[in-house]
Amino acid sequence: MCSRQSDQAFMRRALALADTAAQHGEVPVGAVVVYEGEVIGEGYNQPITSLDPSAHAEMVAIREAAKNIGNYRLVDCTLYVTVEPCTMCTGLLVHSRIGRLVFGAAETKAGAICSAMDVQKLEHLNHKFVIESGVLADECSAKMTAFFQQRRERKKQLRQAAKPHKED
């Protein structure tokens, strides 16, 4: 049974996982897979630290969930993710037969659910899933904004430190 309160609680867990990603220098995205009210998989972005370009939060969480239930098909499961999935992760949702997707912030540059594109509008797909967007969107968006602001500031400081100093 899905409710706004339980959606927010699971999204808060995903937000905590996003914090873990940020602490490791990764883009702060967290994901949780839920089956019958229980978390069966969770993950955070880790492509840099794991040297695996596919190690997005959704991938990590879904891999764990599939192992935990002994089935790659997650028909009655819900994926909670702090940011709208990219095309790679959306393809994973189709192939895993996820039942429901709940995401927080839209991803205007790479989101494949409703922002940059809408993969579910492709007629040839053999699976569609329920979508709920905007759950704790402000918190999810603020986490991404703060991360990239800090990253830009660090790059600026490094560039300034690398400039030769003029002698008087």
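Even glycines carry a Cβ here, placed using N, Cα and C.
Please treat TrEMBL annotations as automatic predictions, because they have not gone through curation.
Look at TrEMBL and you will find Glu58 tagged as active site, proton donor. According to TrEMBL, the feature Zn(2+) binding site maps to His56, Cys86, Cys89. The domain 'CMP/dCMP-type deaminase' annotation in TrEMBL covers 5-116.
In the predicted model, residues of the domain 'CMP/dCMP-type deaminase' (5-116) average a pLDDT of 96. Other C-beta atoms found within 10 angstroms of the C-beta of Cys86 (Zn(2+) binding site) number 21, with every protein chain shown included. Taking the centre of the Cβ atoms of His56, Cys86, Cys89 as the Zn(2+) site, the nearby residues of that chain (Cβ within 8 Å, site residues left out) are Ala57, Glu58, Met59, Pro85, Thr87, Met88, Thr90, Leu92, Ala110. For the domain 'CMP/dCMP-type deaminase' (5-116), the number of residues in each DSSP class (helix H, G, I; strand E, B; coil) is 46 helix, 26 strand, 40 coil.
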